[in-house]
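These notes are about the structure you will find just below.
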Amino acid sequence: MILQELQLSHYRNYEELAVTFAPGINVLIGENAQGKTNLLEAIYLLAFTKSHRTAKDRELIGWHQKLARVSGVVERASGRLPLEVQISTSGKRVKVNHLFQKRLSTYVGNLNVVLFAPEDLALVKGAPVNRRQFMDMEFGQMSSKYLYNVSRFNQQLAQRNAYLRQFKYGQQSDRILLGVITDQLASVGGEVVVARQQLVKRLGKWAAELHHHISKQKEELSLQYVSQVEVDDQTTEEEAVAQLRRLYSENEEREIEHGTSLIGPQRDDIHFIVNGQNVQRFGSQGQQRTTALAVKLAEIDLMKEQTGEYPLLLLDDVLSELDDDRQTHLLTAIQDKVQTFITTTSLSGVARQLIHHPTIFTIQSGTLTKEEN
C-alpha cells in the first residue's frame, strides 16, 4: 500500500500542510525540533488513531486551537481509500471513505505501518509490557478479530480487577458474580493467547531468516512466546480457555488477597533467543540491535503474508543508531519494495550511496519543501 497524500490541520507545529509523497523512499531532512518526527507521528496516528509518543491527545492539537485534523489518501490493491482522524478537546472521531466510524477498532488496519525508532530497542531489552504492546499494535493491524478480542479483554480485565479490589476491602462478597466475570475474561483471554502463539511463531520464522543473514550466518535467532497458559501449534481456543478457567480457579484466593488479576495474557512476554541464550539478559548491545532490526524487518514480511500488501515503513532518526553494516542490510531489504519515510538531520554515508532515487523534503519550522532532482 502507498500513502499518496497527507493533509494536516493544526497538528502540533503544522498549521496547514498538504503534501504528495513518492511511492519509494521519502527522506525528511531538518534540524531537531523542526517537525520531522511530528510528521511521522501524524502518519502513525493516521494508521492507529493514536500517537506513539504521548497518551495525551491534547498535546497533538496546535497552540490555541480546539481541533486537529490528520487526513490522507491510501492507495491499496482494492483502490484509493480516504482516511481521516479528528482530535478535539472533547474526544476523537475517525472517517473511512468519508464516513464516520462508530468504533475505533473498525478503523485500524486500513493503513498498515511499521515504525522503527531508537526507542524500539526497548522491544528487546525493555520490560515485558513493551513486548505486549508490540504484539497488540502490530498483530492488531493484521487481524481485526485479534484487535477486537484484545480490546474486549482489557475492558473485562479492568472490570474484574475493580471487583477483586472490592473483595479485598470487604466491599463485595458475591462469588457467583465474580465467577461470571472470570468466565467471560477466560473466554476472550483464551482466544488472545492462541492468536499470539500463532502470530509469534510466524513472525519468528521471518525474523530467524533475516537475523541469520544480518549476522552473516554466525547467529541463530528464535522467538519464544511466554504465557502462563501452555500453548503450542496444536492448542485450540477451547483448550486455552479451559486452562485459563482452571488457573483462575486455583488462584482465586491469592488474587482476592492482592486485589488484582495475577493470571492471564496481561502477563505474557516474548523471549528472543540468540544461539541458545536470552538476548535480553545476556546479549551484547550489538546483538540486541541486530535482533531489533531483524524483528522490525520481519514485521514487514509478516504483514505482507497476512494482508497481501506491504505496510509503510517509518524510520525515525534510526539510521544514526545503526552502524554501516546494519544500515546496509536495512536499506537493501526495503529498496524498491516498501514505501519508506526516513527522518534525519542529513543524508550521508552509506544511506546516500544505497538509496536509489530518493524523494527529499526539507523541514523548517513546520514548513515542508520538496527538493528538485
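First residue shown is number 1, and so on along the chain.
Glycine residues also receive a Cβ, built from the backbone N, Cα and C atoms like all the rest.
According to Swiss-Prot:
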- Gly30, Glu31, Asn32, Ala33, Gln34, Gly35, Lys36, Thr37: ATP binding site (BINDING)
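Feature annotations (Swiss-Prot) mapped to structure.
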residue	record	Cβ contacts under 8 Å, 6 or more apart
Gly30	ATP binding site	Lys36, Thr343, Thr345, Thr362, Ile363, Gln364
Glu31	ATP binding site	Thr345, Gln364
Asn32	ATP binding site	Thr345
Ala33	ATP binding site	none
Gln34	ATP binding site	Ile363, Gln364, Ser365, Gly366
Gly35	ATP binding site	Arg12, Asn13, Tyr14, Ile363, Ser365, Gly366, Leu368
Thr37	ATP binding site	Arg53, Asp316, Asp317, Thr343
Residues other than Gly30, Glu31, Asn32, Ala33, Gln34, Gly35, Lys36, Thr37 within 8 Å, Cβ to Cβ centroid, of the ATP site?
Asn38, Thr343, Ile363
Could you tell me which three-state DSSP class Asn32 (ATP binding site) falls into?
coil
